[in-house]
Structures are given as C-alpha cells and as structure tokens.
Amino acid sequence: MNGPEKQAQRKEGSYLIFAEAEQSSSPFLPSSATAMASASSAASLRLLRRPIGLAPLRPARRLLCVASPTAALATDGDSSPASSASMAQPAVVDVNPPRGTRDFPPEEMRLRSWLFDNFREVSRSMAFEEVDFPVLESEALFIRKAGEEITQQLYNFEDKGGRRVVLRPEITPSLARLVIKQGKSVSLPLKWFTIGQCWRYERMTRGRRREHYQWNMDIFGMPKVRAEAELIQAIVLLFERLGITSSDVGIRLSSRKVLQAVLDMYSVPQHLFTQVCVIVDKLGKLSREEIEKELISTGLSSEAVQGIIEVLSLKSLSKLEEVLGSGVEAVADLKKLFSLAEQYGYADWICFDASVVRGLAYYTGIVFEAFDREGELRAICGGGRYDRLLSTFGTEDVPACGFGFGDAVIVELLKEKGLLPDLPRQIDDIVFPLDEELEGPASSVASSLRKKGRSVDLVEDKRLKWVFKHAERINASRLILVGKSEWERGMVRVKILSTREEFEVKAGELQ
C-alpha cells in the first residue's frame with residue numbers, strides 16, 4: 001500500500017471509530033485491534049461516503065473514550081501490548097451541567113425545598129389546589145402568537161414520531177390545556193397552583209438562567225378584579241413569610257386596556273395591538289429613541305407614537321384618569337383594585353405604572369409585576385388577566401388570571417438582603433454497633449426507629465471518634481450505641497448530643 005492510500009485509510013479509519021463512538025450506547029470502544037479492524041469493514045464504510053473533510057466531528061461533542069488514528073491501521077489481527085498501548089486514555093468528561101442549567105447538591109436542594117415549601121404553604125392558605133403537567137409539550141401551545149420574544153427562545157425539536165415538541169418555556173398554556181381537557185367535569189372557579197421547571201434559550205444575566213423553576217397560581221372563572229386582588233395578596237404573603245418588606249419590594253400595576261384605549265384614540269388598527277405590546281414592554285430596557293423607532297416601523301404615525309409613550313410614562317392613576325376619562329374600563333378596574341388593596345392591607349406594596357404591559361401576547365386586562373426597589377434585579381414575578389387565551393386553542397373562553405414566580409430572582413434578592421436561611425443537614429438518630437457481631441441487632445434498632453418516623457443513619461465499620469464527628473456534621477439529635485453487655489440485657493445506650501446526657505433504654509421501648 002503506497003503512502004497516499006495508507007494516509008487515506010488512516011483518516012477514514014479514524015473517522016469511522018469516532019462516528020461509532022458517538023452512536024454507540026456503550027461508553028467504551030472495542031479494546032483489541034482486531035475489533036477495531038472489523039469496525040472498518042466495507043459495510044461500515046458505506047455509511048461514510050462523504051469525504052472526511054466534509055463531516056468533521058462537532059468540537060463541542062465530548063466523548064467518554066476515543067481511539068488514536070494509528071489504531072485504525074491494525075488490520076492484521078495484531079493485538080500485541082504495543083498495539084493496545086496505541087489506544088488513547090479515556091478523555092476527561094466535563095462535569096459541569098449544560099450552560100444556563102444547575103445542579104442541586106444537598107445544600108442547594110435543602111434551600112430549594114425550603115422555598116418550594118413556602119410556595120405551597122401560601123397556596124394552601126389561599127385554598128388553591130396543586131396540579132402538574134409534563135415538561136415536554138406540543139410546540140403548537142407556545143407559537144400561536146407571532147412577535148413574542150418567547151417564540152425565539154424555545155427548546156424545540158422533532159421527536160422520533162415526527163411530532164414537533166418543546167420543553168415548556170412557561171406554564172400558563174399547559175394550565176389552559178388541562179382546563180380544556182377537564183371541561184365541564186370541574187366547577188368554576190378553579191384555583192390551581194403548580195411548581196414546575198421551565199426552559200428558555202436566552203441571554204443569561206443575574207437571576208436569569210436557561211432553566212428555572214416557577215411557582216404559578218391561576219384562577220379560572222372569576223371575571224371580577226377580586227381575582228387579581230387575591231393573587232397579589234398571595235405574592236405579598238410569600239414575601240412576608242420570607243422576611244421581605246414593602247420597603248424592599250414593590251408591585252407595579254397597570255392594564256392592557258390602558259394601551260388599547262390610547263391606540264383607539266389614535267385610530268391604530270387592532271391587528272397591531274400585540275406587536276405594540278411587545279415593543280413597549282421594552283420600556284426601561286431600551287432607550288426612548290429605540291422604542292420610538294421600533295413603533296414607527298410598525299406603521300404608527302409619529303403623533304400616535306408620542307401619545308403612547310407619554311401615557312405609558314404616567315405613574316399616577318389620577319393623571320391617567322385625566323387623560324382617558326373616568327368612564328374608561330381600564331381606569332375603573334384599577335381604581336377597584338387599589339380600593340381592594342386597602343381592605344386586604346397591602347396598599348403600601350403596590351403602585352400604578354402605566355408602562356407595565358408584560359411581554360406575553362395573551363394578557364387582556366390588569367397586569368402586574370414585582371420589583372426590588374433598589375433596581376438591582378429584573379422582575380421578581382409577574383402576571384395578569386388573560387380572558388381570551390382558551391379561544392386561541394379552539395374552545396370557549398373562560399375568564400382567567402394568574403402569575404408566575406421564578407425561583408432564581410427571589411434567591412438573589414434573599415442573598416442581597418441577608419435573608420437566606422441556614423439549612424444544615426439534620427438527622428434524628430445515629431445507630432452504631434460497638435462490635436461487629438452486633439450489626440444485626442443494630443439493624444433491628446434502626447429499622448424499628450424508622451418505622452416510628454425517625455430519620456436514622458446506621459453507621460458501621462467506623463471508630464467511635466469518627467462517629468461523634470459525623471454526628472456533629474449532620475446535626476444528629478441522638479447517638480444510640482448497641483453494646484454487647486447492654487444488648488444481652490435487652491438494652492441500648494442513648495446519648496443526647498445537645499446535652500451530653502446518657503442513659504440506657506430497653507430496645508423495645510426506644511422512641
């Protein structure tokens with residue numbers, strides 16, 4: 001075999017080995033050169049007709065094992081140590097999760113569980129029921145409205161059955177789907193909550209990741225502003241439980257009907273409403289000049305653009321009433337909500353801000369979002385009324401409103417305020433046999449305590465000094481020692497670790 005032919009075989013053989021490593025369900029490649037040679041059979045080569053230069057391995061792909069190019073030349077069955085040595089060592093695996101996602105080691109998981117428990121307790125106090133949905137949904141649920149930023153951030157793909165699916169970027173459409181599915185088997189109003197994972201491929205900033213968990217509370221079948229008042233109280237209750245005050249956080253309120261009234265004043269066509277909402281939702285993120293330029297690009301007149309921006313700059317409900325008039329539905333709804341806030345006792349948490357429109361297309365009325373008053377973080381949570389969402393899925397509309405509250409931003413705020421709790425690991429009991437032959441009795445003691453609801457760590461093959469240090473690390477309440485002389489009398493020795501008190505107890509009476 002001449003030089004060029006040999007070189008071609010080296011390249012082709014090397015490519016084949018890598019390709020099979022990517023497709024194999026095993027993380028390992030054949031260890032012998034004979035197996036490597038059989039992988040280079042004519043049948044396999046037919047799968048790789050394209051020149052090697054046109055099908056490079058993707059540089060971001062990480063393999064658990066790779067083969068050196070010289071291994072592909074072993075076609076004569078040689079499996080000598082020298083040949084085996086030509087195999088590369090296993091590649092180092094990147095132990096970090098995909099960019100924008102998180103691991104939850106025990107200490108992080110304890111914090112997450114604590115936060116989720118608070119979500120659930122607030123929901124329970126408001127008489128909401130918990131529901132859940134698959135994180136994998138039909139793509140059609142999330143692309144029914146053009147122009148939304150969220151449609152450009154989907155983790156979407158075609159599954160093996162040819163169906164277009166998506167990792168849900170938000171929860172409300174999944175909730176709406178379940179409401180439709182339940183149909184008339186449930187009575188209104190529905191008060192549901194969920195805590196679920198959401199995915200968006202977006203630029204990451206502080207408190208913004210590509211996956212996050214979100215607490216949603218939604219009410220279906222309640223057309224009056226009372227529903228929004230209830231939801232805002234839930235948000236305030238959560239903040240108060242976490243130690244956050246109204247001096248730390250505020251809740252901005254407005255209504256999509258405000259923007260609609262302004263567009264009506266300038267005879268802006270209805271079909272531009274959604275597009276305008278998406279643009280003005282960027283107020284505060286883009287300069288006024290950039291917002292004006294985007295609005296003009298939709299076909300709005302300069303007069304209409306100036307009018308929209310002037311109204312959306314208002315921070316006083318009375319000023320809004322002067323511009324739109326008291327008979328406008330948006331003004332009446334907002335005045336009612338502020339009145340209810342006084343009755344609920346959270347008026348100092350809320351403020352009117354006409355610029356709040358929210359970026360999702362399905363909102364139809366009052367909208368709101370919580371913000372940290374120091375302005376260091378993005379919106380903590382947000383929501384509003386979406387009375388016409390169900391009809392976009394081909395069914396009869398039901399009045400609805402709700403909010404989404406992510407886990408990432410609130411944790412950042414709690415860190416900022418020094419309010420994150422200390423959540424060490426806590427175990428009720430450690431059971432330790434003092435002799436190897438007492439492992440059976442120790443297992444019996446541990447099993448009995450677990451059945452009584454105690455958390456028990458059964459430790460063996462360790463020195464007593466290590467056990468005491470271990471007890472301190474995991475904040476154990478008691479150490480239960482199973483010794484030979486005590487066990488012969490049917491007893492165990494109990495040490496209360498907080499007080500160092502020691503005593504014997506009958507094994508059958510241990511609680």
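Keep in mind that glycine also has a Cβ here, set from the backbone N, Cα and C atoms.
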In TrEMBL, which of the ranges 75-104, 135-164 has the region 'Disordered' annotation?
75-104
Per-region confidence, the domain 'Aminoacyl-transfer RNA synthetases class-II family profile' (99-421) (mean pLDDT, whole number):
92
Just checking a number: largest C-alpha distance across GLU170, ILE171, THR172, ARG200, GLN214, ASP218, ARG358, TYR362, TYR363 for the L-histidine site, rounded to a whole Å.
21
How many other Cβ atoms are found within 10 Å of the Cβ atom of GLN214 (L-histidine binding site), counting all protein chains shown?
21
Can you tell me how many other Cβ atoms are located within 10 Å of the Cβ belonging to THR172 (L-histidine binding site)?
23
